[in-house]
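Student: The compositional bias 'Polar residues' feature in Swiss-Prot is assigned to 258-269. The annotation N-linked glycosylation site is assigned in Swiss-Prot to 51, 202. What Swiss-Prot lists as phosphotyrosine is 281, 297. As annotated by Swiss-Prot, motif 'ITIM motif 1' applies to 266-271. The annotation motif 'ITIM motif 2' is assigned in Swiss-Prot to 279-284. Swiss-Prot lists 291-296 with the feature motif 'ITIM motif 3'. The motif 'ITIM motif 4' feature in Swiss-Prot is assigned to 325-330. Among the features that Swiss-Prot reports, motif 'ITIM motif 5' is placed at 337-342. Taken from Swiss-Prot, the feature topological domain 'Extracellular' covers 17-219.
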């Protein structure tokens, strides 16, 4: 009997004095939770010897979140609306009246669904020329990485790209006439997909007009572009044609200057006694209609030496009478006759 009593006395101090193991688990499991969803932190102990006080902490520095006391192997702390800023490290501790024992750190990741992406064109903007290398850039302003992007022309997939660390992604292609129309992109990160708004690409000289079924086609912009290019050429041709006709009319026009007068010979008498010179007549070309014009010339008489001597002998008064007789009839100044008035 005594040996059994001694064995019992020695065995009692060898029993554990309290809890020895504390662990933290999450729901949903794995430490991943969607933004806006609920996160449950479950703290567990290996044994219960009475009331146990549970503590929940955030971060390595141990910002205390909650405290509960209950005689159970587990206790739960709930965060009802998780935000992206709630992503951090968490741990718990348990105390059964002795020294508290802490669990290991558990990392919590908050998954953020992608927001609606924005599609933009590169340096060319929404104006481009056939043959250009066009860059499509798609970016979701919010969303947990990695983000997967797909690029569309109308409903046809042009290509795809990914952003392992978040942010946006680009896709390049060489522009052809078949690429006229609407473009869009789609972003997803495993938590749902979002589609961007449709953006129309305008080729230089071509307008893109959406139709009822959403497919764009070439409009009258092509006609406007052609007219814009041909108008200066047409004006230049009209001007050259007008100038050519004007030069042709001038070359075919009747002579506007007075015709060269060919005097029909002088019949003036060489006698000193002849006072009155005989007029000369000349017909002028027909200028207008059936009218014929005549010019009458009076040429001063060239005096013979004897006549000149006669003038010097009889003085100035007689010379004046001779001059008066010679120029008694009006003379026609050919140089001032305007043939244009006759037309």
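Positions of Cβ are set from backbone N, Cα and C atoms, glycine also.
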Student: Whole-number Å distance between the CA of residue 202 (N-linked glycosylation site) and the CA of residue 51 (N-linked glycosylation site)?
Tutor: 74
Student: Summarise the model's confidence over the motif 'ITIM motif 2' (279-284) as a mean pLDDT value.
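Tutor: It averages 54.
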Student: Let me make sure I understand the structure: which of the glycosylation sites listed (51, 202) has the fewest other Cβ atoms within 10 A of its Cβ?
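Tutor: Candidates: the glycosylation sites 51, 202. Fewest Cβ atoms within 10 Å: 51.
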